[in-house]
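As recorded in Swiss-Prot:
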- D14, S64, D440, H441: Mn(2+) 2 binding site (BINDING)
- S64: active site, phosphoserine intermediate (ACT_SITE)
- H125, R155, D156, R187, R193, R259, A260, D261, R262, K332: substrate binding site (BINDING)
- D399, H403, H459: Mn(2+) 1 binding site (BINDING)
Amino acid sequence: MTATPKPLVLIILDGFGHSESHEGNAILAAKMPVMDRLYKTMPNGLISGSGMDVGLPDGQMGNSEVGHMNLGAGRVVYQDFTRVTKAIRDGEFFENPTICAAVDKAVSAGKAVHIMGLLSDGGVHSHQDHLVAMAELAVRRGADKIYLHAFLDGRDTPPRSAKKSLELMDETFARLGKGRIATIIGRYFAMDRDNRWDRVSTAYNLIVDSSAEFHAATGVAGLEAAYARDENDEFVKATRIGEPANVEDGDAVVFMNFRADRARELTRVFVEDDFKDFERARQPKVNYVMLTQYAASIPAPSAFAAGSLKNVLGEYLADNGKTQLRIAETEKYAHVTFFFSGGREEPFPGEERILIPSPKVATYDLQPEMSAPEVTDKIVDAIEHQRYDVIIVNYANGDMVGHSGIMEAAIKAVEYLDVCVGRITDALEKVGGEALITADHGNVEQMTDDATGQAHTAHTSEPVPFVYVGKRQLKVREGGVLADVAPTMLQLLGMEKPQEMTGHSILVEE
């Protein structure tokens, strides 16, 4: 194995995409002398961090979880959204043994099928097309009583956009000749992830016992009444639609969210016999199915089992005796550890982790530097003492300040990043180390919505930069994706990539 400079640093600038448009582009509006110099003097190009290139449906913007999973895996990791969509298209979904078993059991006992989930086209936690497919499956399996418990979005979709989704489900049930919307409630209640059990209990009691502050003849009528009360989709209060459709013993309950974090709490209320976070009036004995595995500790089957990733970058470095540091502030710590390691919580042998607390402010536009200076102090110290073969760092600023929609703060955020990158590259030059600079997805390069003129707070589908910083004569090939970053790092370290990594190095000899 050839001797390699020490260390190799992967700098992930979260939410730092590339756009030629100056409109609302915090990166082009900022003074970034370090990045400007690197773009002029170092091999660089653009790589893709969205859509099929990261295992998402075509055109779907990337996100931090997906981005880090692809960066660390060295292969395109097909996301749950894509797996479910593909299964529906192929017809496999309608034969899914876990869902079919639960539905068949309910049907043979003359019981109901309850479908619940986030009803929107946001594609972040769920997709309405999946709920349509579930209704079709229930009808195909002979169910007569099919009830939809719709959680309304307004967070990954515009604040008042649920009407078309409710109409889609009404049309679906009319076409199928069976089924109806039974309840509507905002995701604020049904999809909490911070142990706010008062909210979750409101959703649970609505679904199980039709216990509701409001009721309406149709889903759309219930929504319009909520708007009249000045409630946006996310905050729509518990509303029963039509006659009560309570959950009874022997019913099937299928939760159609594919993302786990906001589906765990409500699921636990349904399935845990020793649940103690609030007093349940009733716990019906149901055939419960999670669309994906929300947590290994939850005693319920999942329709799509979690896949495990072998020989991700962290594991392969450890197996080859290399040391590594993972470092980020709180907001992105899970991404640079758990997600970058392919969904593994524990560190690999020779892996150290540093968590820098994120600042305690209401929103990060109030402190756009976040904890980047403290993160950088630790990295510079680690480089100077040459403690690790590889350092992997995430800077949260571009994404977290980008989500605020406030342009001035976003400009300050990326200017702080430029200073931090300068400190790291200066330290590396002194010890003969190297760096790769990239991002997981875009955000801060688009702070205004061209269509509406309003603040743009979401991620983008723009490509992200890729920069090599070091002494080697290399150039960046075109067509790279996030999955190519780990193989590139192994090339720089003089290591063969494992066969599980299907990505290819982005750097080629000049």
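Each residue, glycine too, has its Cβ placed from N, Cα and C.
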Cβ contacts of D14 (Mn(2+) 2 binding site) (under 8 Å, same chain, 6 or more positions away): S64, K332, H335, N394, Y395, A396, N397, G398, D399, M400, A439, D440, H441, N443
Least Cβ-crowded entry, counting other Cβ within 10 Å, from the binding-site residues listed as H125, R193, R262, H403: R193
Cβ neighbour count (within 10 Å, all chains shown) around S64 (Mn(2+) 2 binding site): 24
By Cα-Cα distance, the member of binding-site residues H125, D156, R193, A260, R262 nearest H459 (Mn(2+) 1 binding site): D156
Separation of alpha carbons, H403 (Mn(2+) 1 binding site) and R193 (substrate binding site) (Å): 19
Distant-in-sequence Cβ neighbours of D156 (substrate binding site), under 8 Å, six or more positions away: S120, G122, G123, V124, H125, A458
Binding-site residues: D399, D440 - member with fewest neighbouring CB atoms within 10 Å: D399
CB contacts for H459 (Mn(2+) 1 binding site) [other CB atoms within 10 A, all chains]: 26
Where the record names H125, R155, D156, R187, R193, R259, A260, D261, R262, K332 as binding substrate, the maximum Cα to Cα distance in Å: 23
Sorted by sequence, non-D399, H403, H459 residues with Cβ within 8 Å of centre, Mn(2+) 1: D14, G15, S64, G398, M400, G402, H441, N443, V444, T457, A458
